[in-house]
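According to Swiss-Prot, the protein carries these features:
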SIGNAL    1-16  signal peptide
TRANSMEM  81-101  transmembrane segment
TRANSMEM  116-136  transmembrane segment
TRANSMEM  161-181  transmembrane segment
TRANSMEM  187-207  transmembrane segment
TRANSMEM  227-247  transmembrane segment
TRANSMEM  275-294  transmembrane segment
TRANSMEM  314-334  transmembrane segment
Amino acid sequence: MTSITTSVLVLHSLLAANFKYYQSFQNGFIDMLSAMADSNSVSGLPGQLCREYTGIRPLDTFLTSCTVFFWPTFQGEIPGLSLYGIAFASAMIPMWLIIVIDVHRRRQPFGALVELIAFAGPLIQCIGPGLVMPLLLARIHTPSRDSKSASQFDYRTFIPSMIIGYILPLLLASLPAPLILSYHNKQQFIAIWQGWPLYSSVLMWAFRRRSGHVHCSRHKGLKHACIFALACSSAGHLVLLSLTWLWSLSYWGYIQSAPWNEPPLASLEAGVLRFLQWDYTLSASATLSWAIAFRHEVVQQKSLRISLLSLLRCLIGIVFLGPCSMVALLYWQTCSLQEEAGQKAPAKDKQLDQEI
């Protein structure tokens, strides 16, 4: 990555620190969360707030705060907030895929597992992708095509690990209460979902250990993983667009106001939506910027040009499929370009040897 790209990513992280956290303290949102946690109640929850999950007090305090924060999104009493949560949750899959691929390119499988569950995963889930993703992406250089550790990782394991470790807990936490789940069990599922980076990373490692060896080419496995990420992110974005239109909701409600023109918070739900808007906007923007810079770098190396039509298709995709869907597509196209160039190089060398 160039110094310009790195600077842009660091700027995204600084903006997240200001707009997400500093402004949340200034407008009273953090105080509102703390007050509800202290009073053992949360908006939309008729019963008591659950405060014991693991028996480890610091961890239980964190999970209680997560329950207070995510309850309005999972309960579904405000459709616009829940729809935005669906789009954000689905967009996390392409972002996490980029991190997983980079870690497995640099490390052996067990080392990659340790880094994901002890560093990248906790940072993303505890601090938020809006602040953390740009910094993680700034560490990534142009992916190496000939990485030895990458050849030992079957990218297809990303698919079942995310289905079981991320999507399934997310669906369980989204079940309506008290229609299907009790209020207590719903809080438990919300707390369980917080550990998805741990579950998915361990499952990837376990699936690889079980398979024993890679059954398909690395390029083909990467294609499957990118298609899965593209499908999930596109589905979440299309659900947001279509149901907003069917329910006659305003699309402008999903566009974050300028920080100097934000209305005062009237409720916890408004604060949650504002927080998620900045989190999604900055993390998706940073990841898309990284993907575009990666593609531009590879295209320049191959002495190619990016056509105006491809830029137009990218803009249309961002609007109708979502920014992170285009990240998955751009990443796959760029890796394919690298693979194609890598296959041509040995053939050219072989022809040169024959001529000599």
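From the backbone N, Cα and C atoms, a Cβ is placed for every residue, glycine too.
With Cβ pairs under 8 Å as the measure, the transmembrane segment (314-334) is packed most heavily against 227-247, out of 81-101, 161-181, 187-207, 227-247, 275-294. Take the transmembrane segment (161-181) and the stretches 81-101, 116-136, 227-247: counting Cβ pairs under 8 Å, 81-101 has the most. Counting residues 6+ beyond its ends, the transmembrane segment (227-247) has Cβ neighbours under 8 Å at 79-80, 83-84, 86-91, 93-94, 97, 158-159, 162, 167, 254, 320-322, 324-325, 327-329, 332 in the same chain.
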